[in-house]
There are 2 protein chains.
Amino acid sequence: MREVQLQILYAEDKMTQSMTDSWQITVSKKRKQVLNNIPTEWILDSKTIARLKSDKTGLSHNIDQLCSLKENAITHSTLLELQEGIRNNSLSCFEVTSAFCHRAALIHQVVNCLSEIMFTEALEHSKILDQNKYEYSTLPPLYGIPISLKDQCNVEGVDTTLGYLSRAFKPKKKEDESLIVSFLRDLGAIIYVKTTVPPSMMATETTSNTFGYTYNSFNQHFSAGGSSGGEGSLIGCYGSVLGLGTDIGGSIRIPASYHGIFGFKPSTGKVPYLKVDNSWEGREIITSVIGPLARNIDDLRYFMSLIVNNCKPWIHDVKCMPYQFSSFEDSKLPDGLKVGIWYGDGVVNLPSGDMRALSKCKEIIQNNQKFNASIVRWEPPTDLCEEIFNLAMEADLADGGTEINNEFKMTGEPLLDILRPVVPNDSPKPYTVNEWWNLCKRVSDAKQKFRDFHNNLPVEVRPDVVICPSTLMPYRPGDMLETTLRYILFANLLNLPSLSFPADAMIVDDNHSMPDIINGPEDAMVQKMWNDLVLSGDIEGFPSGLQIISPLSDNDDLVLRFGSWLTKLLQES
Amino acid sequence: MREVQLQILYAEDKMTQSMTDSWQITVSKKRKQVLNNIPTEWILDSKTIARLKSDKTGLSHNIDQLCSLKENAITHSTLLELQEGIRNNSLSCFEVTSAFCHRAALIHQVVNCLSEIMFTEALEHSKILDQNKYEYSTLPPLYGIPISLKDQCNVEGVDTTLGYLSRAFKPKKKEDESLIVSFLRDLGAIIYVKTTVPPSMMATETTSNTFGYTYNSFNQHFSAGGSSGGEGSLIGCYGSVLGLGTDIGGSIRIPASYHGIFGFKPSTGKVPYLKVDNSWEGREIITSVIGPLARNIDDLRYFMSLIVNNCKPWIHDVKCMPYQFSSFEDSKLPDGLKVGIWYGDGVVNLPSGDMRALSKCKEIIQNNQKFNASIVRWEPPTDLCEEIFNLAMEADLADGGTEINNEFKMTGEPLLDILRPVVPNDSPKPYTVNEWWNLCKRVSDAKQKFRDFHNNLPVEVRPDVVICPSTLMPYRPGDMLETTLRYILFANLLNLPSLSFPADAMIVDDNHSMPDIINGPEDAMVQKMWNDLVLSGDIEGFPSGLQIISPLSDNDDLVLRFGSWLTKLLQES
């Protein structure tokens, strides 16, 4: 049964056809290890899997049919509702945990989003929490709430692979546990799954030799995005109420955008990265940050306030700084907020989906005068946008693929095409330290130029927050190299807080059209892909994700407060 | 006359004997350019110079005799007294500026501490300020106060050499001016001199082919220290009331320590470094910071509050962060402050001078119970201290001397021995970017270990501030390589705020002796030098400088408040 199921799950993955090399044997073992942690009663038969895979846009609804009413009530709740349910004893921790484990198991069998399954430990933990519940006068804030983790967070007893086969079967010890995982445990959360990533996380499509391909659970025609693709797919289908991703080049925001959920990339030093495994450790020029993905904006804000205000990471993690988030219940905005709208950088024009979504946001804000928010057009200079993008790309190529190549060589697993942008075929020589310092200097200079641009704007058109493009459109499995990260890397290189949020749903018969002018090959590529997608009809109803950024770092709280306010307006509209 | 003076000034500098090579001709031109900016009436005759040079410990007193009573009253005032005098019209800006220009010119002719002289511009500026004075309801805080600048700050119309001949005769433009220089101008300050540094600033002895050797103005037997050696020597002899230095490995604290003055190395992001020229730009692993040297702790605190609270550098400089200093008038301390005393790292033992100074501080604190401060013994683990020191040394060697070598090659000026620690003879290959990232990772890990050490201390012995060794002892010209930076680099690598302060005066017949045990070659070297100095008698009365650090970054204000309190107790004792 399990063998059959394994073959079904990975059927589209050609490597499983003849797993005879030593690395393939390890892959096979690892995949079995994952599946063996699913209880037999939750294993789907091949017919059901085939049916769920073929109904590309109906997965969540189809999985609802396989779960009990109570399970669906739980998994469709917000974190804050679950907390309330556990506190008022209408829900047990075990019921909550079991519902999410069950649903995660089902989702995984269709879209392949889990890299570690810890159901046994999680259910055991939930029982203990139920037993101990009456010892508390106030329950810890995440008491009995299951939280999912990207496969970078270290958890005792399981691997952290980063998508590399070389790191499989090296379970972490207690002392390796990530600080954020300790925080989650202290807050009462239950750890039940880790989710898939591409090797090194330096790709925005989630696939690996070790775990295979992760599909988009909202619409299986498309990629889940990445690198926190497993998280996006799991949360997008109600298999987790909130999970942790990381973002060095869109890895939180892209999967969030592609699943119609919220993803927050904080600025550096807010959420502790201590003992979270990573690629390119010590490369501080563009810093990977850890942040939440969630279906609900209040959940996300509540989680940020817990991790930052309650846990005070700056005491423990030398890279964190004191910060304070406002309460999720505080939906007030500063009076007279100026909201920038970014209609494109002059290099890659926006598809009609984005133009439509931006217009919608603009209208809604203009029609709501509660806080006297005003709209301004925001246009950072094209040459500066180009410089920022080029510097980010140069930084990603600085070691000529050395580190990633070395990890692949350890086991002999073949390099994946999605990594070609950071591991080029011609393997350029790694930068010398002097070349690297020069690049770091140019990055600092670009950040300063951006600050100067901001400061030099007349105060009446200098925005506090900016609504801007994000992923532009979904892409089909294998098409990652046809996408642009232009509007994504911008916030990484400049270390700007960014909330990825669902602004609209795409429609095929869109009246808005792409501009006539094609700026260059990248613009042409994007326009072609958009036109093909519209033609296919597959994007109908797909979420139009945008970002809210602040032009100043450390305005994380403002970005979330504005995001919360705008989301409520969008939901009411 | 000027030719004679030039020869006298640089007599001890062998290179001036036969300046025939092309680089030597440039040196000669640059030196003439500096001296030509001294008015003829302030030029000393050769006999006077010889007399002032031979009275090793009497320079300040001897220069008093060459200046008017009013000039001496001005130059011996504090910045706050000068401000008051200018505000109440008992002093004109011109008088103040002229007094400092005159004195700086005289000091320079003995100890050779200036790299740029801008007397004409300064005096002109002071006249304009006097004329405009009555247009203000309140004068800007530094109105008419001359401030000296290390030769890293960019000022319109003059060079920033960093001690390199290659950068001579490349005067900076208006748009190149350092942000901090713009701030000083906005605050009403007068720019009148720039001060000498060793080439690259990566040495703690101030000498260069371009400008020659800078002597210690407190005691000409000894080096001025470095790399802000010109500042130390100028301020130590009342030629400036306050000046700006930079510190990446003690460059503010060492010259301050060697002149019995205060030097503050802030943690990163407090004082703006924007458009301040530097070596190894983009090498962010250990960050150079800019900070004040001053004779008076209140002046220093006042200056920090002006630059940070008033100028709000974080708005303009993308590398700065919001911060707030308390007023210099606020000398209250948090109740129950725990003051650590660090008696050595277990590698290099402290000379008796330091042991005596530490004991003095300890007793004074214990005898003053106003804020219930208590003393705790602070002992970071020896292996961690070793690791921190070794990482800092490794970081300094990472490019194998490439950048510095390239600068020297541009003109053919010969490399100096003081740079051998960062430009080794055998020229190792520069690190690859992967080796560099690995080093950065190890530095982060060491910072985290230090934080863990701090957090794991029982709260009753976990210090808020620590009084610790600094330079240990002075050294004679040419002996830089016999000194240790162990207690200095500690605060740089860990990014801890540190105040260098004069704690005591050394005495030859010191009862305290070095420990019997010699820990290793570095310890033996330090002990030998100390014993030789005691034997020579030359250290009698030399300042015993210590540091006040905080084990947590961003406690800059607490370090200054504590330093201010302790200084007042020391002065009363």
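Cβ from N, Cα, C; glycine included.
Nobody curates TrEMBL annotations by hand; they come from automatic prediction.
Features as listed in TrEMBL:
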type     : residues                                                   : note
ACT_SITE : A:Lys150                                                   : active site, charge relay system
ACT_SITE : A:Ser227                                                   : active site, charge relay system
ACT_SITE : A:Ser251                                                   : active site, acyl-ester intermediate
BINDING  : A:Met201, A:Ser227, A:Ile248, A:Gly249, A:Gly250, A:Ser251 : substrate binding site
DOMAIN   : A:95-552                                                   : domain 'Amidase'
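The structure, with features from TrEMBL marked on it.
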residue  : record                           : DSSP (3 states)
A:Lys150 : active site, charge relay system : strand
A:Met201 : substrate binding site           : helix
A:Ser227 : active site, charge relay system : coil
A:Ile248 : substrate binding site           : coil
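Most other Cβ atoms within 10 A: among the binding-site residues A:Gly249, A:Gly250, that distinction falls to A:Gly250.
A 10 Å radius around the C-alpha of A:Lys150 (active site, charge relay system) takes in these recorded positions out of A:Ser227, A:Ile248, A:Gly249, A:Gly250, in sequence order: A:Ser227.
For the pair A:Ile248 (substrate binding site) and A:Ser227 (active site, charge relay system), the Cα-Cα distance reads 9 Å.
It is 9 Å from the Cα atom of A:Gly249 (substrate binding site) to that of A:Ser227 (active site, charge relay system). Each of the binding-site residues A:Met201, A:Ile248 was assessed for Cβ neighbours inside 10 Å, and the highest tally belongs to A:Met201. For the pair A:Met201 (substrate binding site) and A:Ser227 (active site, charge relay system), the C-alpha distance works out to 5 angstrom. Long-range C-beta contacts of A:Ser251 (active site, acyl-ester intermediate), restricted to its own chain and to partners at least six residues apart, with a cutoff below 8 Å, comprise A:Met201, A:Thr204, A:Gly226, A:Ser227, A:Ser228, A:Gly245, A:Ser288. Every protein chain shown contributes to the tally, and the Cβ of A:Lys150 (active site, charge relay system) ends up with 29 other Cβ atoms within 10 Å.
Summarising the substrate site geometry, the residues cited as binding it (A:Met201, A:Ser227, A:Ile248, A:Gly249, A:Gly250, A:Ser251) extend over a maximum Cα to Cα distance of 10 Å. Across the domain 'Amidase' (A:95-552), the model assigns an average pLDDT of 96. The Cβ neighbour count for A:Ser227 (active site, charge relay system), using a 10 Å radius over every protein chain in view, is 36.
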